[in-house]
Each structure stands twice: as C-alpha cells, then as structure tokens.
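Read the structure below first, then the notes.
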C-alpha cells in the first residue's frame, strides 16, 4: 500500500469513527430529552389516554437512575391515578380509646403568638390529619382578644394546620367563616364557610383552593353548619346545614356537593325535631350524623343520609344514658329512639356517638349541667333498644374539675378497617374565668383502639393567673 492509499484508508476510518460518535451523541441527546418529557406523563390503562401528572396527585417520589455512557438521567415514575374515597371498609372493632394528640394552645399562648379560637375540629386526607378552628382575627396576647366570647364577627376565619401544630402566626386562613365544615374527597379539600349578617349570611363552597359555589340564608336566622368534618363518598360530599331558631322550629337541609358544586339539596325528614351541629361519619354506602337538639331533647338526633338517591331519615339515639348537656341524671333520663325526650331540651352542646352493631359508643361532659369534665363509654343495646342503660368501658378524658366544651367525631381509614376518633374542645377564659377578657381553647384527641389502655385526665392545663389579661 503506497503512502496515498494509507492516508485515504486512515482518513476513511477516522471519518467513520467520527460519524459513529456523532450518531451516538445524537442518540444520547434524544434519549435524554425523551425521558425528561416522559416523566410528566402517565399512561392510564383504563382508557389508554395520556394523563398529566399533577403535583397534588404524587403520593411519593421514586427516583430511577439510568446510566448512558457518562450521562445520568433522573426519571420520576408517575404514581397511580388518585381516586375518590368510598369508605367501604368495615368499622374497626375497638375496646375503647387511646390518646392521640394535644396541642396545648392556651399554655403556649402565655409566651407566644397563638390565635384566639373556638369551634375546633379534626379531619384527615388520605395521608395526614389536620386540625381546624374558627379564629377570632387576633392572637391571645393582643388587645383585640378582648370580648372574643362572641360567636359571629366578620373577622373570624377558618384556620388549618397539621394535627398537633398550634395555630401560630404562620397558620393558613382557609376562608372567612364563623361556622364551617371541611372534608377531603380523596382528590382535594372541600371547605364550607359561613359568614355575613345573622339575617342574610352566605355559605361559600371552596374546593381545591377555589371558590366553586355559594348559597345564601334561606330562613334569615343564622345559617350555620356542622363545626366538624363533612363526609365524601365516591366524590359526593354531604353537609348538614340549619337556618332558623336555635330554640324552636328551624329549617335543616342536607346539601350534596361534587367538587365544590351543589348538585342537590334535601330537606330534613323523619322524626327529629331540631337538628344542628352534626357530627357525621361514613357508614357505607351512606353517611350517618349524630347531632344537637337545642329545643326539645337532651337525647341526640340521628340523621341518616342516602348518598345515591338523596333520601333522608332521622330519629334519636336509643340509649337512655343521653349525650347532651344539660340533662337529667342517669336514673331519671330516658330515650325511646324516635322522638325527643323533652328533658332539659333547651340549650345543649355539640357532641358525638357512633353505632357498633346494636350498641353505641358515645362521649359527653361529666357534669349534667355545665361543660365540665368529659367521659366516654359504650352502652349495650344503646343503638337498638329503647332506654337501654347498661354502660361498659367507661373512660375519663377530662376530670370533672376541669372545663371541656364541644366535641366531635372524625374517621381514619386503615389498611383493613375504618377507625373512629374524637376531639374535645377545652375552653378557657370568659365567661367562667373573669380574670381575663378573652375566650379561647385548646384540644385533646383520642382514637379507637383494639388494645388495652390505662387511665388519666388531659385538661387544658393552663394556669389562668399566668395568662395575659
């Protein structure tokens, strides 16, 4: 091979190698770009459509490392499509309740900027639990906290934090509200927020952070809602709302909401005479609520909601050990399932109960006349047998020497069953404690357990003499 041929051969080989390297670099670039954009798509096997991966739908981040020569590519694998909650699992079998959370808001207010609140409640999305309360537009160590005993002002807002995090200055104000309810349908939060004049209030329906619908007062007498979580089944959320007299006949309606839009309104039917401040829980395929009769009964009304056909029925808890305050003593009290007992029916307090076969679990103040102390127990036959009074598994949550307040239920879905939990509002300040000018609360939370448990008392615990006036 002469020198010219050698040069041509070497040149050809070099050109071939350069071409191959160039093509490899193009392939690497194409692969990189493809994988980069591919991470923002999910293939839905059900309808073979390409669905965008929204950040709110990502349950966990999984990183896959792919090596191509010296290039490292990070690819986020798309999670399964988020679905509506259906709450079809059975209710957990429990022996009682175990301590879960306590926020100590009043004690912390003695040395920090903590919101003045009342009407707290708890609700959970599929991953976390959150605490809510109606703020008074002020912190406790602030002169605006004077006279915060009043329920309805334009400054009240719905506050939301992770459970166990007190309502500090960085707390999110979800909406304007002096009455509220919240629930998560599996995809996003729904907040029902009532505010405005007593005779012409507005309920706003906020879904996924956006105002979707609203409704005005229908009886011009303090439109109000649950002050605890609503319930969503297969994308339909139900909320109980009342407008009318707090000590006489009122107009209660059950609203059915889908992604924030009111799709149906059903009037209350059945034998319940007065219904407000309901504590609701999923009882697949429907929703069941235990409410407050502020007119005729110290036994609690039951509202059963059929989510499929929008029908409503109502009655009263059968247990002769009744749940409202004020009430007669346990020897004298009664309940016969269908009607109010006409025993100290005027006034009352928000509370809860839930059925367990023929039995009923319930909570109530220890005092028969005031919001002091708190206890839970099970009544054998209390769901099905009129005036049943056999009590078992009693627990003291707050001893009788300390104040309590509202209480309500929330549900938590586990791997195999749905657990029932409750919170107790621990009110401090006015009217009873006149050294200070404010009224606020902390909370304590318990959940059902199938295990064993001990005893104790979990009051608010703040020394009123150490608190700002």
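Note: Cβ is positioned from N, Cα and C throughout, glycine not excepted.
Listed in Swiss-Prot for this protein:
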- 1-9: topological domain 'Intravirion' (TOPO_DOM)
- 10-30: transmembrane segment (TRANSMEM)
- 31-469: topological domain 'Virion surface' (TOPO_DOM)
- 36-88: region 'Hypervariable stalk region' (REGION)
- 61: N-linked glycosylation site (CARBOHYD)
- 70: N-linked glycosylation site (CARBOHYD)
- 86: N-linked glycosylation site (CARBOHYD)
- 91-469: region 'Head of neuraminidase' (REGION)
- 146: N-linked glycosylation site (CARBOHYD)
- 151: active site, proton donor/acceptor (ACT_SITE)
- 200: N-linked glycosylation site (CARBOHYD)
- 234: N-linked glycosylation site (CARBOHYD)
- 293, 297, 324: Ca(2+) binding site (BINDING)
- 402: N-linked glycosylation site (CARBOHYD)
- 406: active site, nucleophile (ACT_SITE)
Checklist entry - What are the non-local neighbours of residue 293 (Ca(2+) binding site), defined as same-chain residues 6+ apart in sequence with CB under 8 A from its CB? => result 272, 273, 274, 275, 299, 300, 301, 316, 324, 340, 345, 348
Checklist outcome for this item: Taken over the topological domain 'Intravirion' (1-9), the predicted model's pLDDT averages 59
Checklist entry - Any idea what the Cα distance is from residue 86 (N-linked glycosylation site) over to residue 200 (N-linked glycosylation site), rounded to a whole Å? => result 35
Checklist entry - Out of 200, 234, 297, which of these recorded positions is nearest residue 151 (active site, proton donor/acceptor) by C-alpha distance? => result 200
Next on the checklist: Given a 10 Å Cβ-Cβ cut-off, pick out the one of the recorded positions 151, 324 that has the most other Cβ atoms nearby.
Outcome noted: 324
Checklist outcome for this item: Under a three-state DSSP reduction, the secondary structure at residue 406 (active site, nucleophile) is coil
Checklist outcome for this item: Here the recorded positions are 146, 200, 234, 297, and the Cα closest to that of residue 402 (N-linked glycosylation site) is found at 146
Item to check | From recorded positions 200, 297, 406, the one whose Cα lies nearest residue 146 (N-linked glycosylation site) | outcome: 406
